[in-house]
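Colleague: Here's a structure for you.
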Amino acid sequence: MAIERTFSIIKPDATRRNLTGAINAVFEKNGLRIVAQKRIQMTKAQAESFYGVHKERGFFNDLVSFMISGPVVVQVLEGEGAVAKNRELMGATNPANAAEGTIRKLFAESIEANSVHGSDSAENAAIEIAYFFAGAEIVG
Ligand code: RTP
Ligand code: MG
């Protein structure tokens with residue numbers, strides 16, 4: 001499988017509980033390299049645009065409020081089949097349905113406060129990476 005990149009966010013519920021390192025350890029133990037990373041406070045406009053695909057959903061306003069409720073860590077992860085590998089490591093959106101050992105099973109608080117975001121396709125990964133990082137900030 002080819003080396004590819006995916007976009008990840010460590011969400012506010014996780015930064016609040018000081019879990020950045022514990023989550024990064026899961027990535028690194030499983031062959032994903034953190035090739036870019038920064039801690040930011042997302043603006044409301046950024047969160048609304050990032051999650052624009054969900055704007056008609058009932059949970060949209062709550063999701064935006066949650067994503068700006070504290071700092072997040074945005075990241076680029078690189079490795080073999082990184083998009084699918086990261087989705088596997090994250091586990092199901094709802095931690096109640098997440099497999100043992102996944103990040104959401106280990107750390108998520110609820111379906112909303114579920115600790116991590118990961119791109120769901122290579123195409124979206126490229127869009128999401130470009131939304132938060134300049135090319136020179138990514139060092140493979
Ligand atoms: P993500 O985009 O954050 O990686 O998560 P995902 O693909 O597993 O889930 P998605 O369906 O794209 O939903 C995006 C995020 O919205 C919140 N959510 N809340 N209250 C609810 O019913 C609900 N459903 C989804 C979660 O934070 C989810 O990760
Ligand atoms: Mg999603």
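Along the chain as shown, residues are numbered 1 onward.
Cβ from N, Cα, C; glycine included.
As annotated in TrEMBL:
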ACT_SITE  HIS117  active site, pros-phosphohistidine intermediate
BINDING   LYS11, PHE59, ARG87, THR93, ARG104, ASN114  ATP binding site
DOMAIN    3-140  domain 'Nucleoside diphosphate kinase-like'
Colleague: Write down the Cα-Cα distance for HIS117 (active site, pros-phosphohistidine intermediate) and THR93 (ATP binding site), rounded and given in Å.
Modeller: 9
Colleague: In Å, rounded, how far does the Cα of LYS11 (ATP binding site) sit from the Cα of the residue listed as 'active site, pros-phosphohistidine intermediate'?
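Modeller: Their Cα atoms are separated by 7 Å.
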Colleague: Enter the number of other CB atoms within 10 angstroms of the CB of ARG104 (ATP binding site).
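Modeller: So the Cβ neighbour count for ARG104 (ATP binding site) comes to 22.
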Colleague: Counting only other Cβ atoms and using a 10 Å cut-off, which of the recorded positions LYS11, PHE59, ARG87, HIS117 scores lowest?
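Modeller: If we count Cβ atoms within 10 Å for the recorded positions LYS11, PHE59, ARG87, HIS117, the smallest count is at PHE59.
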Colleague: Among the binding-site residues THR93, ASN114, which residue has the fewest other Cβ atoms within 10 Å of its own Cβ?
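Modeller: Looking at the binding-site residues THR93, ASN114, the Cβ with the fewest others within 10 Å is that of THR93.
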Colleague: So which of LYS11, ARG87, ARG104, listed as binding-site residues, have a Cβ under 6 Å from an atom of ligand 1?
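Modeller: Once distances to ligand 1 are taken from each Cβ, none falls under 6 Å.
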Colleague: Over all pairs within LYS11, PHE59, ARG87, THR93, ARG104, ASN114, the annotated ATP binders, what is the largest Cα to Cα distance, rounded to whole Å?
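Modeller: Comparing all Cα pairs, the maximum is 21 Å.
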Colleague: Three-state secondary structure of HIS117 (active site, pros-phosphohistidine intermediate) from DSSP?
Modeller: strand
